[in-house]
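Asker: Residues or ranges marked as domain 'Aminotransferase class V' in TrEMBL: 6-367. Here TrEMBL flags GLY73, SER74, ASN154, GLN182, THR240 as pyridoxal 5'-phosphate binding site. The N6-(pyridoxal phosphate)lysine annotation in TrEMBL covers LYS205. The annotation active site, cysteine persulfide intermediate is assigned in TrEMBL to CYS328. Summarising the annotation, TrEMBL assigns [2Fe-2S] cluster binding site to CYS328.
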Amino acid sequence: MNKKVVYMDYAATTYTKPEVLEEMIPYFNQYFGNPSSIYSISRETKKAIDIARDRVAKALNADRSEIYFTGGGSEADNWALKGIAFAHKEKGNHIITTKIEHHAILHTCEYLEKYHGFEITYLDVNEEGIISLEDLKNAITDKTILVSIMFGNNEIGAIQPIKEIGAICKEKKVFFHTDAVQAVGNVAIDVKDMNIDMLSLAGHKIYGPKGVGALYIKKGIKIHNLVHGGGQEKARRAGTENVAGIVGLGKAIELASDNLDTHNRRLVELRDKLINGLLEIPYTKLNGPTGEKRLPGNVNVCFKFIEGESILLMLDAMGICASSGSACTSGSLDPSHVLLAIGLPHEIAHGSLRLSIGDGTTEEDVVYVLEKVPAIVQRLRDMSPLYDEFVKGDEK
Ligand SMILES: *Cc1c(COP(=O)(O)O)cnc(C)c1O
C-alpha cells in the first residue's frame, strides 16, 4: 500500500527540482575533472562554476566576484561572523545580533563570546518577532564591528526591516551581515539597494542540493578565512569545489528568481488558507506576523494545553510531515528560543506546530491537513490533565 505523504516541512529542507538534478548529473561522471587542473574536462567544470556564480550574483544584484561558494548555510554564517570578528578585533569587540537567529549564528556568537573575548548584544524582538530599529541604533557603540540580523525567520516567518537596518549600519559604519537562508527564493533581495555587506544562503532550502551554499561578501571587505588550504575561491575558501552542488545551487536560484512573483502569490494564498483554518480550532494562537511581514511558506501556531511533539507523532501517522520549533531543537524538550523571545510562556511554547509549505504543496494538501489537525488536537486535549483542569475550572 502506498502511504499518502503530505510534506509540510519545506523550511527544514526541500526536494531537489528535476531540472536542477538534471543539470547536476554530468558533473558527477562526464565532467568530473578537478576545476584547478588544466585539461579540457576540467575547463568544463570551471566554466560551470562561473555560470553558477553569475546566476547567484544576478539573483542578489551582486557582482560575480562577490560570491563565494561554501558547504552550506551554516558554514556561510560561521565564516561571516568569525571572519569579520577576527579581522577587525583591533577596531572593536562588539557584535550585535538578535535573540531569534538560527543556531548557526547564535552558537557562533556564544563561541566568540566564550573563547575570544567578544561582547554580543542579543536584540529583543516584539510579539511578532521583529526588532526595533531604535534598539538597534542605541546598541551600536564605537566598539561595534558587526551587525548580523536574519532576513526571514525559519520558525515563525518574521521578515525584518532589512533595508532600514542596512541604512543604519551604513550610516554608523559597521558591517551588516544577514542570514537569508529562508528568504532567498521567497523575497526579492537586492544587496545594493538594501546596503547588505554580507549574505548567507543555502541550496537545500531553495530546491537545490544539500551541503552547498554561498556567502556574498561585498567588494573590499576585509575578512579572515574560515577554511584554510588550497587556493580555491580566490584563495578565500579552500577545498576542491563541490562542482555538481554548485551547479545545482546556480540552477535552483535562477529558477527561484524567475518564478518569484507567481511562487509568492500561490504560497501566500495557501498559507493564509491554512492559517485561517487552524485558527478555527479553539485556544489556538498564530505565532509571528501576518501579511507581507511573513515568509510566504510559513505557518506556526500554538495549541494551548498540548505538546508539540505529540502532535507531530500523530500527524506522522497520517503521513503529514511537520515540525515543532525547528528541526535542530525537536528531539530535545527545550522550548524554542524563538517562541520564548516573542513572549510565549514555556508551557504554551511547547504546544507549537510549524507547517511550512512550498512548490510541491497543493490545495488538496491544505484541505487534508485542515481535516486532520482539529481531531488530533481534540484527542490530545482529551488526554491532557491541563485541559481537564481548565475545562473543570470553566464549569465551576
Ligand atoms: C537551514 C538554515 C541554516 C543552515 O543552513 P544549512 O545549509 O543547513 O547549514 C541557517 N540559517 C537559517 C535561517 C536556516 O533556515
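Numbering starts at 1 and runs along the chain as displayed.
Including glycine, each Cβ sits where the backbone N, Cα and C put it.
TrEMBL labels come from automatic prediction, so no person has curated them.
Situate these features within the shown structure.
Answerer: Its Cβ placed at the centre, SER74 (pyridoxal 5'-phosphate binding site) has 21 other Cβ atoms within 10 Å. In the three-state DSSP scheme, SER74 (pyridoxal 5'-phosphate binding site) falls into the helix class.
Under DSSP, LYS205 (N6-(pyridoxal phosphate)lysine) is assigned to a helix (H, G or I) in the three-state scheme. Other C-beta atoms found within 10 angstroms of the C-beta of LYS205 (N6-(pyridoxal phosphate)lysine) number 28, with every protein chain shown included.
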Asker: Round to the nearest Å and give the CA-to-CA distance linking LYS205 (N6-(pyridoxal phosphate)lysine) with GLY73 (pyridoxal 5'-phosphate binding site).
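Answerer: Pair distance, Cα basis, whole Å: 9 Å.
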Asker: Say we define neighbours as other CB atoms within 10 Å of the CB. Which of the binding-site residues GLY73, ASN154, THR240 has the fewest?
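Answerer: Output over binding-site residues GLY73, ASN154, THR240: least Cβ neighbours within 10 Å is THR240.
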Asker: Sort out the sequence-distant neighbours of GLN182 (pyridoxal 5'-phosphate binding site) for me: same chain, 6+ apart, CB within less than 8 Å of its CB, listed by position.
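Answerer: ALA11, MET150, PHE151, GLY152, ASN153, ASN154, GLY157, LYS205, LEU295 - these are the non-local Cβ neighbours of GLN182 (pyridoxal 5'-phosphate binding site), listed in sequence order.
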